[in-house]
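Report on the following structure.
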């Protein structure tokens, strides 16, 4: 038997807790609580079913001129969207903690009439804002490109002809065609005729609704059967989509976590730098009797250089590069900060249909036959004979059967009569004659218990068939019975076919990988409890499932209690998923998990998912999601399946690692600079070593050298977004105390080595101490003042770049992971520029500080001074790296600031206990024994029979999945 499976769109079979009636747009459900969408639904339906005078009469089409006038009046048929003006983005780049500090420095420099220095600072400020603006605009353009590529179209009658146009330019009064397979482009009234409309994306109900002139198909729904002409009544913000978008604004979005982290880092570094610089300022005035002007200039320059001016630019660039990388994995990021949040996700709430499953119904090779000679192939042929096999399928069930059967074999029979599906009889029937033998017979297919009532040997096979139906129902399997008459006209049960929407081939492995990466997966579905249990079994998820009636009942989804996590968190964590839930339950589940301390991602596709998507830390609109879901989501998938989400997590963790290494480096560089000049100002002063230059009583660098360090470092750091990283195996969580400790260790070694070199240089510069200095021991001439300044500039510059390579590998040695070529080349170029500048600096007095190139000199030893500085820096770089690794080992050993225990986010998941019993929920503690299986089957028998009765009427059943058993079982084999 071939292992081939036959596919069918599973959306037509998806089950939800309740269904529409043909006459109601939004039926009342006694257990359903008012959701954040209910207000929009009720208002829209009151308007749609109100007096006829409220609606436009049936349209006969518009002209282009009329449509243009109406477009000016009503606006474009698009969801309302808030867009920040480009100029405002640029202005925001000129304000904030970092820009504000730089503005203060610029004002002070100009006030002191230091025009060149002020101009340099001003240029840095403008460059900072421009690059930040460019990266933000570029990221926004990527999102806009996605929206443009997904723009829906509409078939409209304009200028006396039918044409395809952008649905965004539809206006009230347009005549549109609503046909099977097309989306409803706006809120429309039906001129005449009847269509079946799928409103699952709007209401969460999967059963199609039959609509006529008294109904109004809504924008965002889909026509599944029929074709009519309709009149556009409402567009844009006046549609149900527009109402939903307005309601979503009530769910406030948290400020991106990365911005909170950056602000904390900025304020911490600014506070430290400001405090130390103020101490230097006061000390210089009191100790060296420096003028207010000179002391203030020194303090301001050190402050500006020490604070991370380009912090937001580098982070924005890194996130933008990450968004481009994600787009290659079929993931579009609508909010850059979502990448950082995604790296910390440790709880994923996933839809079932289409995400965990293929969303394609498949005939399985598990077939139960009741007569010798029958098998899956012959049963499928009989099922196809009970349909018009050479005509387009009449419904989803026929599509599946005809796609699986051998239609060439069916052509050996002539269909004399065909009775289509009748809701009363729950089956189809046909009379046929075999062209080869002339035998005449009847066939039928339908709900198993209906067919069972027809067969002549019902008493003989009744228990067997009921056991089969019950066992399949208990596993969430859908089934279809086929029967045939013999020469005496008696009905014989030919077989029972099984079909399901199976998991995607990679879903089970993807869930396993997710758990290995520290992410727990919860399935959230509106489907039947049995389906959810079977799906969890197939995917190795916890079979304990909560249904809607076991969840806490919340009256107002906009006013959730703050103790949900405390009361219900452990209960929700102890199950594998949730079944038969409504949109407001999804919202509540996400909020409970967030209160429990988890970073939660949520997948969804419909308008009803939008509030939960917005509430989640990371909302993910899956492939084929509605515009409303995309608008509420942080990420949009352009490829189906859960594996895409896992790829998003890994890429996001890579981005997080880049940001972590950058922040560690940036904090280290700031502490190194400010602490070096602070300590040098107090203890290692040229005045103490015999300096008589009034402008060289304490050690400092000219502003030009400071700015050169800043520009070269920031320019190189722009490439960190392209650096090689290895994603963490655990969810990433910002632990700023650990980051500051790691950065402080790097800074302490770099600062200590700089202070030591300054001490060596001052002794080599001093006439009093030269004889005992290292310069004298190495055979070097006494160090001039200008070369001392330039030497320290080169040392600080080299140490900064080497610290970058140490910070990027965390607790490993710097050679653990090679840098990317672009980062390496950027660092080499910057180091080369710094070395060349220090070597051949023209002897001058910028800011009255004497400077001189290190390579200028009479002897070869003097000309090789830059090389000696390089050797010194490299030796201390190795020391720095060893100290870093040892420090990380000690930090991990003592779990400093929870660097180990808090790595995965919210701690271990508690196993189920009796204390978790809420609303009667009890877990599946072990598989049922055979002695209890029959009782379980009988408990679901009546429910499964009732569901199977409606199999053909609504092309739906609450029994959906089956285990992939590729066998067929005959009665004799049993």
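Quick reminder: no glycine exception, Cβ is built from N, Cα and C everywhere.
According to the topological domain annotation in Swiss-Prot, residue 159 and residue 893 sit on the same side of the membrane.
Record note: among 18-37, 38-57, 58-77, 118-137, 118-137 is the stretch given as transmembrane segment by Swiss-Prot. Ranges compared are 869-887, 888-906, 907-925, and Swiss-Prot records transmembrane segment for 869-887. Within the topological domain 'Extracellular' (713-737), the DSSP-based counts of helix, strand and coil residues read 12 helix, 0 strand, 13 coil. Of all the Cβ atoms in the protein chains shown, 30 others lie within 10 Å of the Cβ of residue 609 (Mg(2+) binding site).
In this structure, the binding-site residues under consideration are 605, 714, and the one with the smallest number of other Cβ atoms within 10 Å of its Cβ is 714.
Using a cut-off of 8 Å between Cβ atoms, the transmembrane segment (93-112) and the transmembrane segment (631-651) share fewer than three residue pairs, counting only pairs 6 or more apart in sequence. Confidence across the topological domain 'Cytoplasmic' (322-630), taken as the mean pLDDT and rounded to a whole number, stands at 87. Residue pair residue 609 (Mg(2+) binding site) / residue 351 (active site, 4-aspartylphosphate intermediate) shows a Cα separation of 10 Å.
Of the ranges 662-684, 738-761, 813-840, the one with the most Cβ pairs under 8 Å to the transmembrane segment (869-887) is 738-761.
Sequence-distant contacts of the transmembrane segment (662-684) (same chain, at least 6 residues past either end, Cβ-Cβ under 8 Å): 261, 265, 269, 272-273, 276-277, 279-280, 283-284, 302-303, 305-308, 311, 314-315, 318, 698-700, 713, 717, 720, 739-740, 742-744, 746-747, 750-751, 754-755, 758-759, 762, 796, 799-800, 803-804, 807-808. DSSP classifies residue 351 (active site, 4-aspartylphosphate intermediate) as coil under the three-state reduction.
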